[in-house]
Ligand SMILES: O=C(O)[C@H](O)[C@H](O)COP(=O)(O)O
C-alpha cells in the first residue's frame with residue numbers, strides 16, 4: 001500500500017450518535033482495533049471514563065486489540081505495567097511503541113553490523129528496547145562522562161557509531177546535541193527518530209514533543225531523521241507482520257489527526273475513529289474532512305462505544 005492518503009471522494013467525518021444499533025454496525029466491520037493510548041484511554045495519569053468496560057466489550061466480541069503509542073519514554077513492558085495500574089489487563093505483546101518499532105527496524109531491517117553502536121538522545125524506553133534487540137548503545141539516560149563545559153573536546157567522528165537515534169528526552173542538553181551533531185556530520189551515520197511529534201500533551205498542556213529533540217540536529221546538519229513511529233509506514237509494516245493484521249478489517253482509534261488518523265489513512269486501514277478527549281478538537285476534525293484527511297467517524301470519548 002502506498003504511503004499517501006487517498007483523499008479522493010472520502011466522505012466527511014461523521015459523529016456517531018451513540019445509538020446501539022449504529023455502534024454495533026460500526027464495530028462489526030472490524031476484527032482488529034489499533035489504539036493510541038494517551039488522549040484515548042487516559043490523559044496522563046487519569047483514566048478516561050468507561051475505558052475498562054469498552055476494552056472488555058471489544059475483547060468479549062473477539063476483537064484483537066493492539067496498543068500503538070509514539071511515547072518512546074517507556075518500553076512495552078513499562079507500558080503494560082501502566083495498563084495494569086489502571087486495572088486493564090494487557091499483554092506486553094499487545095503493546096507496540098515507537099521505541100520498539102525503532103529497535104526492530106535497526107536490528108531486523110537495517111541490520112546494524114556487529115561491533116557498531118548507536119548514540120541515543122532519549123530515555124529508558126529506547127534503551128530497554130535497543131538492549132532487548134541486542135543493539136549496543138550509549139548516551140541516553142547516562143550522565144555525560146565529562147563536564148558539560150568541556151564538550152568541544154569530545155565532539156567528533158567515531159568509527160564505532162553507526163546511528164544516532166532521537167526520542168523524547170526530558171533531560172536534553174546542548175552537550176548531547178553537540179555530540180550527536182558531531183557523529184551526524186559523517187554521512188554514513190544513520191539519523192533515526194522514534195517519532196517526530198511536535199508536542200507532548202501533558203496534564204492538559206502541550207509540552208515540547210519528541211520532534212523537538214531531533215529538530216536542532218536537522219538545523220545543524222541539514223539532515224532529517226527517518227522516523228519509526230506513527231504515521232510511518234515502517235511502523236505499520238511491522239505491526240502488519242507481527243499481528244498478521246488484515247488491514248481490510250482494521251480500525252485505528254486516536255485523538256490526533258497528524259499521527260493517529262494519518263497512520264490509519266496512509267496505511268489504507270478499513271476504518272479510522274477519532275475521539276475528542278485529546279489533542280484534536282471537533283473543528284480540526286471537520287476541517288481535515290474538507291480535504292479528505294479526517295477520520296471516518298468520531299466520538300466525544302471512547303466510552304461512547306458502549307452505546
Ligand atoms: O512527543 C511525543 O513523543 C508524543 O507526543 C507522545 O509520546 C505521544 O504518544 P501517543 O499519543 O502516540 O501515545
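Placed from the backbone N, Cα and C atoms, the Cβ positions cover glycine too.
From the candidate list 237, 246, 255, the residue TrEMBL records in the Mg(2+) site shared with 36, 38 is 255. A 10 Å radius around the C-alpha of residue 255 (Mg(2+) binding site) takes in these recorded positions out of 36, 38, 230, in sequence order: 36, 38.
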